[in-house]
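Single-structure report; data block below.
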Amino acid sequence: MDCLCIVTTKKYRYQDEDTPPLEHSPAHLPNQANSPPVIVNTDTLEAPGYELQVNGTEGEMEYEEITLERGNSGLGFSIAGGTDNPHIGDDPSIFITKIIPGGAAAQDGRLRVNDSILFVNEVDVREVTHSAAVEALKEAGSIVRLYVMRRKPPAEKVMEIKLIKGPKGLGFSIAGGVGNQHIPGDNSIYVTKIIEGGAAHKDGRLQIGDKILAVNSVGLEDVMHEDAVAALKNTYDVVYLKVAKPSNAYLSDSYAPPDITTSYSQHLDNEISHSSYLGTDYPTAMTPTSPRRYSPVAKDLLGEEDIPREPRRIVIHRGSTGLGFNIVGGEDGEGIFISFILAGGPADLSGELRKGDQILSVNGVDLRNASHEQAAIALKNAGQTVTIIAQYKPEEYSRFEAKIHDLREQLMNSSLGSGTASLRSNPKRGFYIRALFDYDKTKDCGFLSQALSFRFGDVLHVIDASDEEWWQARRVHSDSETDDIGFIPSKRRVERREWSRLKAKDWGSSSGSQGREDSVLSYETVTQMEVHYARPIIILGPTKDRANDDLLSEFPDKFGSCVPHTTRPKREYEIDGRDYHFVSSREKMEKDIQAHKFIEAGQYNSHLYGTSVQSVREVAEQGKHCILDVSANAVRRLQAAHLHPIAIFIRPRSLENVLEINKRITEEQARKAFDRATKLEQEFTECFSAIVEGDSFEEIYHKVKRVIEDLSGPYIWVPARERL
């Protein structure tokens with residue numbers, strides 16, 4: 001086992017006597033010096049060199065005092081910004097970036113995304129570091145007074161629209177209302193969909209994003225969602241809508257509504273139209289409120305109560321990977337079900353299909369009683385644009401899960417009965433590997449017509465490895481082996497071609513390329529095991545901090561952080577076991593580090609800080625994924641401790657991609673981040689469970705959640721002792 005060394009990256013890995021540690025979560029931040037006390041009265045905030053009117057307006061800004069009572073899950077919002085990491089341009093302000101549904105802020109209803117926090121109780125947080133702002137919020141007690149500043153709502157153009165109901169009703173969908181906010185902090189009723197051919201579509205004036213103020217004489221400001229639906233339904237043929245049009249300023253990137261599908265629980269619109277809108281015998285599904293440009297949340301992270309059970313119509317455009325899902329079923333009329341969604345594939349990107357969906361029809365072909373072969377043919381011959389009628393039936397699908405489990409048990413028992421050394425006794429047949437690179441057969445000049453393309457992290461069952469150039473293999477997913485069978489390049493072929501490429505690249509260089517062959521990655525042998533804990537999560541690469549924070553704040557029941565250890569003395573307000581595990585002596589902690597009881601440790605101000613294996617295990621055994629901000633070295637240490645993490649590498653495609661994902665960093669910062677990521681990939685690729693890329697943080701975050709969903713278990717693939 002390699003020894004632990006002191007490293008210099010952020011959070012609880014410190015460089016001695018340099019910068020203070022930014023610790024692993026808001027619950028474990030060191031006390032920092034705050035600005036001088038600020039005298040606050042009911043009319044104004046008074047601070048040196050700064051004066052503003054509370055609950056009034058000044059210029060283009062307005063100010064509000066909001067009092068929140070801390071709930072079981074905290075205050076219920078996320079922040080970004082600070083002097084050390086500005087959120088918008090060079091502005092050091094502390095901004096609200098997310099309102100957590102059901103939390104204290106959401107229940108109060110006044111705090112909004114993009115609000116800037118000026119004071120927390122009497123603590124000035126206008127020009128402080130991010131960690132100081134978090135500390136101020138943490139130490140604010142159970143009753144927290146926030147003084148916030150926000151842009152004045154842009155002037156809205158109000159107009160009256162007269163609609164005459166047609167065969168498709170009024171022809172639009174709505175979202176919002178008290179207790180069901182479409183935009184956090186805003187109880188308004190918004191138009192979220194215009195149905196083609198409906199009255200609103202033909203009239204042309206009502207648009208997505210419009211706010212409905214009144215229907216005939218019934219006001220819709222600050223009403224329940226159900227009341228708005230009732231008001232629209234209880235109208236005669238002629239309907240007068242009072243509508244507020246958003247200004248262009250509101251549509252700008254900096255102050256647009258947040259990505260509600262990644263930050264908030266999905267709510268469902270109510271379509272103001274007849275159920276025959278889709279032109280099918282199946283009833284119309286309710287439509288998600290989220291704009292199509294936003295990525296959907298992985299289904300189990302939302303909760304099944306948010307998933308409609310009615311049949312719904314989905315249109316998918318076939319991509320280079322096909323439709324991007326696998327099916328099971330088709331025996332004795334049991335139905336065809338989706339068993340796997342390929343991350344990044346067409347089905348995944350559409351966000352409208354999920355594991356457990358029964359496919360009722362494809363392009364009008366009824367599959368309710370189809371065999372597996374008939375369904376596969378229907379999907380294969382469906383063309384580029386495929387219309388699917390699907391219905392979510394998790395209970396029926398669970399029968400397949402049980403069947404798969406029984407088959408797996410039979411195979412395991414059979415394997416135990418015949419011996420377990422199959423790979424050693426016959427290394428050229430019947431073993432499982434994980435791909436450590438992407439393979440596109442069309443880019444291999446010597447590829448076979450029956451070759452099988454695959455992605456990094458795919459598990460493959462090698463059926464026949466007798467040929468030195470090509471192995472016959474079948475793709476494997478967590479729940480079953482697929483019908484995807486073909487030839488993959490052998491380990492020897494991959495390494496020889498990569499060696500040739502590197503040799504040509506380094507031709508003529510002084511360093512040469514001696515020894516490179518050993519570093520070429522192809523495949524690693526894996527074995528399947530069952531786990532009874534929530535796998536720890538290690539995210540690496542650019543935007544990892546934001547992804548970690550969002551997972552913790554958005555899904556506090558599914559993700560958690562562990563309590564670190566330290567040798568420094570306990571402060572008055574700290575509690576042992578909550579803020580830190582306070583170690584009695586440096587010698588004891590050093591011995592534990594040498595005994596490999598820590599996955600990572602470092603020193604700051606002559607005190608040791610570290611994350612122990614036991615702390616991670618405690619979170620994992622509580623059923624929560626432990627979010628770890630550690631280096632890639634920790635992956636192997638966790639594996640050695642039989643706590644197999646999900647390690648996700650966020651790979652930037654280019655320097656421009658880094659700048660696009662994080663618009664508030666400079667080009668120099670982006671270049672350093674890109675270089676660090678490149679080096680990280682070169683050194684630790686084999687440690688990654690998955691590699692994700694994206695053009696925006698929202699796309700990356702969605703893929704991260706999908707990876708966690710797919711790799712959570714209980715059956716997982718882990719490195720095997722046998723080597724190829």
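Just so you know, glycine gets a Cβ as well, placed from its N, Cα and C.
Checked against Swiss-Prot, the range among 15-35, 288-308, 561-581 recorded as region 'Disordered' is 15-35. Note: the CA-CA distance between S606 (phosphoserine) and Y580 (phosphotyrosine) rounds to 17 Å. Put simply, Y580 (phosphotyrosine) is 33 Å from Y715 (phosphotyrosine) when counted between their Cα atoms. The average pLDDT computed for the domain 'SH3' (428-498) is 81.
Annotation note: Y715 (phosphotyrosine) sits in a strand segment as assigned by DSSP. Cα of Y580 (phosphotyrosine) to Cα of S142 (phosphoserine): a distance of 21 Å. All protein chains considered, the CB of S142 (phosphoserine) has 8 other CB atoms within 10 Å.
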